[in-house]
Structure formats: structure tokens, C-alpha cells
Amino acid sequence: MFHPNVYASGELCLDILQNRWSPTYDVSSILTSVQSLLNDPNISSPANVEAANLYKDHRSLYVKRVRETVENSWNDDDDEEEEEEDEDEAEDEDDDDDDNIDED
């Protein structure tokens, strides 16, 4: 995900998930914090400096890059699904070939 507060690993840079963590936070408050961060990035403490600079200085280019990243991830998911389907078909063909072997 291309976002100022998301590391390359996909981990969020969100204080309540790290140094301000407390068991008093419920799931709802965590999800609200994540949603807020995604909508309004904290560019003063970025995990992704390139995304933060683009967000700050060239918002339209930032939005374009985010859109492209999301669209590419959809295409990657489609490619992975096609590969899995091809592998499943190949396995089915191998199983059919095994069934047709005559035993003496």
C-alpha cells in the first residue's frame, strides 16, 4: 500500500498499535483510528517518506499513485488466481492420466 504511514512490509505506523498501546482500546476504537489515519495521514512522522512528500507537495500525483497501486494489486490478485486455476487443471489432468494406466 502506498501511504505515508504504511511501511513497505504493510505494517501501519500508528501510535496506538505501538508505543501508546493499552488493553483499554477496543476493536472499534482501533478500526476508527486506522480509518482516520488512512483518510488523514500523519506526514510529520512518515513510514514512507516518498508517499509523505508526494501527499504534501503534489496531492493529485499522490492520489494517482495510490489509485495505480490499488489497481495493480487487483491485477496481481487476478494473475495469482489464474495461476492457481492453471495449476489445479494441470493436477486434474495428471490424475486423469494416472487413472488411465493399465495394470498388468
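Any Cβ shown, glycine's included, is placed from N, Cα and C.
No curator has checked TrEMBL annotations; they are predicted automatically.
Computed from a predicted structure; not experimentally measured.
Sequence annotations record features per position, and here TrEMBL assigns domain 'UBC core' to 1-75. Positions annotated as active site, glycyl thioester intermediate by TrEMBL: Cys13. Under the heading region 'Disordered', TrEMBL lists 70-104. Residues or ranges marked as compositional bias 'Acidic residues' in TrEMBL: 74-104.
Averaged across the domain 'UBC core' (1-75), pLDDT for the predicted model comes to 93. Counting residues of the domain 'UBC core' (1-75) by DSSP class, helix then strand then coil, yields 42 helix, 2 strand, 31 coil. Around the Cβ of Cys13 (active site, glycyl thioester intermediate), the number of neighbouring Cβ atoms within 10 Å comes to 18.
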